[in-house]
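One structure is given here, and the rest of the page talks about it.
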Amino acid sequence: MSTATTTVTTSDQASHPTKIYCSGLQCGRETSSQMKCPVCLKQGIVSIFCDTSCYENNYKAHKALHNAKDGLEGAYDPFPKFKYSGKVKASYPLTPRRYVPEDIPKPDWAANGLPVSEQRNDRLNNIPIYKKDQIKKIRKACMLGREVLDIAAAHVRPGITTDELDEIVHNETIKRGAYPSPLNYYNFPKSLCTSVNEVICHGVPDKTVLKEGDIVNLDVSLYYQGYHADLNETYYVGENISKEALNTTETSRECLKLAIKMCKPGTTFQELGDHIEKHATENKCSVVRTYCGHGVGEFFHCSPNIPHYAKNRTPGVMKPGMVFTIEPMINEGTWKDMTWPDDWTSTTQDGKLSAQFEHTLLVTEHGVEILTARNKKSPGGPRQRIK
């Protein structure tokens with residue numbers, strides 16, 4: 001999936017043995033191979049591949065690295081022929097996969113990229129109902145997720161790179177004895193999703209530098225003692241924010257808030273989308289249809305699927321003990337999306353802005369509990385629109 005090298009930071013070298021990961025964009029697995037790209041070697045770059053077949057299958061994307069003027073320190077676009085919809089572009093090379101201590105419990109995809117238990121559960125197509133002892137553990141994971149997101153959000157400012165934010169999230173996650181759920185999930189290369197401006201979701205942290213006036217979504221997920229937490233918020237970068245960015249972001253924030261108010265036993269998952277889209281439309285925005293909320297807890301993603309758009313046909317009724325996310329992606333322009341050649345980054349087709357907010361929620365006997373709720377010290381928060 002990602003382009004990774006064997007380079008590690010000095011601190012990592014001092015405390016951990018170097019782990020080698022395949023540099024293939026569609027691979028990224030740990031390997032003991034010593035097969036190196038000869039072109040990279042001439043430029044002082046060490047890029048290792050699993051075998052000849054992996055090298056040949058990934059070479060078309062990998063060769064973009066050879067065009068970097070300053071080796072690993074020089075930022076470059078790995079997809080120079082790709083027609084981006086807006087100004088945000090991939091900025092490579094990606095930093096190497098970050099180390100997770102051996103003693104931290106890991107989900108099954110940490111080893112090979114495949115969430116086998118999740119795939120097996122998907123075939124059952126049932127919505128988990130969690131017991132009190134399980135809910136206690138999910139609540140703890142969500143509390144840690146909120147801590148990590150707030151720490152990363154406090155560093156959002158002009159001049160910081162999305163990769164630096166990823167490093168913060170990674171370090172704060174493992175400091176708490178948790179595993180960053182996105183890392184190696186279907187070979188996703190990072191511990192955080194960072195979505196800037198027209199990026200809807202699943203942005204890969206790289207050398208992109210945040211600028212005054214940007215908006216950036218930080219999507220944090222972690223795995224702690226067998227359970228996942230999932231939350232995200234969109235933050236303003238600096239103070240000089242356009243009225244379009246303010247309206248799109250605040251509309252998304254409000255859409256999540258009104259959807260949460262509907263959550264209680266007996267509410268259908270289908271009706272959430274009707275109210276979300278109504279509010280978005282009233283504010284001259286649209287709702288992304290490709291991605292949806294989902295069950296979370298024992299699994300990173302599971303039933304129910306929760307679309308955020310109107311007139312959807314998703315089945316299911318809320319019952320006490322259900323845990324899921326609501327995460328409306330609201331666009332300034334068209335609802336239609338497109339995906340970059342990295343097979344992850346989703347952006348608006350028209351290059352206009354997108355904003356998202358997400359909470360993990362527990363249905364109680366009489367309503368809902370926001371497991372990932374903000375606290376008084378949480379960075380960010382609403383701002384007044386500009387008329």
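Note: Cβ is positioned from N, Cα and C throughout, glycine not excepted.
So that you can see what the record holds, here are the features copied from Swiss-Prot:
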MOD_RES   Ser2  N-acetylserine
ZN_FING   19-73  zinc finger
BINDING   Cys22, Cys27, Cys50, Cys54  Zn(2+) 1 binding site
BINDING   Cys37, Cys40, His62, His66  Zn(2+) 2 binding site
BINDING   His202, His301  protein binding site
BINDING   Asp219, Asp230, Glu358  Zn(2+) 3 binding site
BINDING   Asp230, His294, Glu327, Glu358  Zn(2+) 4 binding site
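Cα to Cα, Cys22 (Zn(2+) 1 binding site) and Asp219 (Zn(2+) 3 binding site) are separated by 25 Å. Here the candidates are the binding-site residues Cys37, Cys54, His294. The one whose C-alpha lies nearest to that of His202 (protein binding site) is His294. The Cβ neighbour count for Asp230 (Zn(2+) 3 binding site), using a 10 Å radius and every protein chain shown, is 28.
Listed in chain order, the extra residues whose Cβ falls within 8 Å of the Cβ center of the Zn(2+) 4 site residues Asp230, His294, Glu327, Glu358 are Leu231, Asn232, Gly293, Val296, Phe324, Thr325, Ile326, His359, Thr360. What surrounds the Zn(2+) 3 site, by Cβ distance within 8 Å of the Cβ centroid and not counting Asp219, Asp230, Glu358, is the set Cys193, Val220, Ser221, Leu231, Asn232, Thr325, Glu327, Thr360 from the same chain. Here Asp219 (Zn(2+) 3 binding site) is compared against the binding-site residues Cys54, His294, His301, Glu327, and the shortest C-alpha distance is to Glu327.
Taking only the Cα positions, the spacing between Cys40 (Zn(2+) 2 binding site) and Cys50 (Zn(2+) 1 binding site) is 16 angstrom. Each residue contributes its Cα atom, and for Glu358 (Zn(2+) 3 binding site) and Glu327 (Zn(2+) 4 binding site) those atoms are 4 Å apart.
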